[in-house]
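Record features, source Swiss-Prot:
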type	residues	note
TRANSMEM	60-80	transmembrane segment
TRANSMEM	92-112	transmembrane segment
TRANSMEM	113-133	transmembrane segment
TRANSMEM	145-165	transmembrane segment
TRANSMEM	194-214	transmembrane segment
TRANSMEM	224-244	transmembrane segment
TRANSMEM	257-277	transmembrane segment
TRANSMEM	284-303	transmembrane segment
TRANSMEM	308-330	transmembrane segment
TRANSMEM	351-371	transmembrane segment
TRANSMEM	393-413	transmembrane segment
TRANSMEM	435-455	transmembrane segment
Amino acid sequence: MLKIIIPTLMLMPLTWLSKNNMIWINTTAYSLLISLISLSFLNQFNEDSLYISLTFFSDPLSAPLLVLTTWLLPLMIMASQHHLSKEPITRKKLYITMLIMLQLLLIMTFTATELILFYVLFEATLIPTLIIITRWGNQTERLNAGFYFLFYTLTGSLPLLIALIHIQNITGSLNLLLIQYSAQTLPNSWSNTFLWLACMMGFMVKMPLYGLHLWLPKAHVEAPIAGSMVLAAILLKLGGYGMLRITMILNPLTSHMAYPFLMLSLWGMIMTSSICLRQTDLKSLIAYSSVSHMALVIVAILIQTPWSYMGATALMIAHGLTSSVLFCLANSNYERTHSRTMILARGLQTLLPLMAMWWLLASLTNLALPPTINLVGELFVVVSSFSWSNLTIILMGTNIIITALYSLYMLIMTQRGKYTYHINNIKPSFTRENMLMALHLLPLLLLSLNPKIILGTMY
């Protein structure tokens, strides 16, 4: 594990000691190198070596998320170059340092062995994200968004800490490798019901569950591009990862307790998809689509079959890359037209034909077209939910149709039609941006050739 953590840590002095004209090149190149090193974690079960120490370990569930985390840092740095170009040099360095610190905390969160350590790191990821949103956001509402973000996440996860300490008292250990062998079965009683709720609520808020999702659109819309990317791609996955890890302690109570949350997720996924259809703000639309995709993941985790677990992990990785590329595209529009309103930035296909291709690919990935891994994840989830209850196929089908509708609506609103007169003199698309989109979409297409590396522990 240290072969990733130490190089990531050393990216900070690299940022501050680089020459002013070399900051972007150095940090991007070295972070890309780190992400290539981390690819070896995906292959660990074909060899004899296990990546396990007393503090950090990596297994097929955390490895794909780990690789996604390291893969996104160079992409975030590439995406942030334009809107930081007018900032003074110390601020650029501080911004990159925040991103590196966030990546470091996320790597340690996904690989923590001890649940209390996991909790501490889970909370620590709030700090850099909050600074990024409230310091570099675009509008003045960013402070409001920061408050929402902090308040929801902290209030949701305080009961989790108390529950973890309680479990520590009962079992005597919170080590993830030991607890699956020593965990006692939780009988159905009032106190255990509250224990289940306390354990799940922190992750449900982070996912977010429909009804607890109000912080997400606010935070997404106000965050700068790197903030939006890391929020959609990785911070939401912390919730799913935590749920997958902690359900093995809470059995067999989950099968009794899951019903209201399953209903809420199934209802919420259709509701948030429908909300997407009437959004005017591009970033807000992508944020609500994130909520709808994560509702599918919650359903999959709560059904608790091997197929649904595989679907949940595949969908988390797929959604991480998809939502990230959509935010990048929205940002490239915003940098040219200085507006996130879709009506004001329409007809861009005539001006930026190459960007239109990226928009088409990203929209098709979002509506889960084969051969992307979004389809793999959604198929697993739909099939496992159908075998749980036949009625869910109606809700799932409706959701898939509405997803297709808003994805195509987003594409048509931004790319088609006659362009408005105020965007005659926009800049062409840069090589940097094309590279950025390619590095997002290539993994999505290539992973469909070998999806077993992202199907998690159950494969």
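Backbone N, Cα and C define each Cβ position, glycine as well.
In this chain, the transmembrane segment (113-133) touches the transmembrane segment (224-244); three or more CB pairs sit within less than 8 A of each other, excluding pairs fewer than 6 residues apart. Sequence-remote contacts of a segment are chain residues at least 6 beyond its ends whose Cβ falls under 8 Å from one of its Cβ atoms, and for the transmembrane segment (92-112) they are 1, 4-5, 8-9, 11-12, 15-16, 23, 27, 31, 55-58, 62, 65-66, 69-70, 72-73, 76-77, 80, 84, 118, 121-122, 124-125, 128-129, 131-132, 136, 176, 226, 230, 234-235, 238, 241. Contact between the transmembrane segment (194-214) and the transmembrane segment (351-371) is absent: fewer than three CB pairs lie under 8 Å, with pairs separated by 6 or more positions in sequence. Within the chain, the transmembrane segment (284-303) has long-range Cβ neighbours (under 8 A, six or more residues past its boundaries) at 204, 207-210, 213, 216-217, 220-221, 232, 236, 239-240, 243-244, 247, 254, 258, 261-262, 265-266, 268-270, 272-273, 275-276, 309, 311-312, 315-316, 319, 323, 326-327, 330, 340, 342, 366, 377-378, 380-381, 384-385, 388, 392, 399, 403, 406-407, 410. The transmembrane segment (435-455) makes contact with the transmembrane segment (60-80), as judged by at least three Cβ pairs under 8 Å among residues 6 or more apart in sequence.
Long-range Cβ contacts of the transmembrane segment (145-165) within its own chain (Cβ-Cβ under 8 Å, at least 6 residues beyond either end) map to 115-116, 119, 122-123, 126, 129-130, 133-134, 137, 174, 195, 197-199, 201-206, 208, 212, 214-215, 218-219, 221-223. Tallying C-beta pairs under 8 angstroms between the transmembrane segment (257-277) and each of 60-80, 351-371, 393-413 places 393-413 first.
Distant neighbours of the transmembrane segment (393-413): 266-267, 269-270, 273-274, 276-277, 282, 285-286, 289, 292, 296, 342-343, 346, 359-360, 363-364, 366-368, 378, 381-382, 385-386; these residues of the same chain sit at least 6 beyond its ends, with a Cβ under 8 Å from one of its Cβ atoms.
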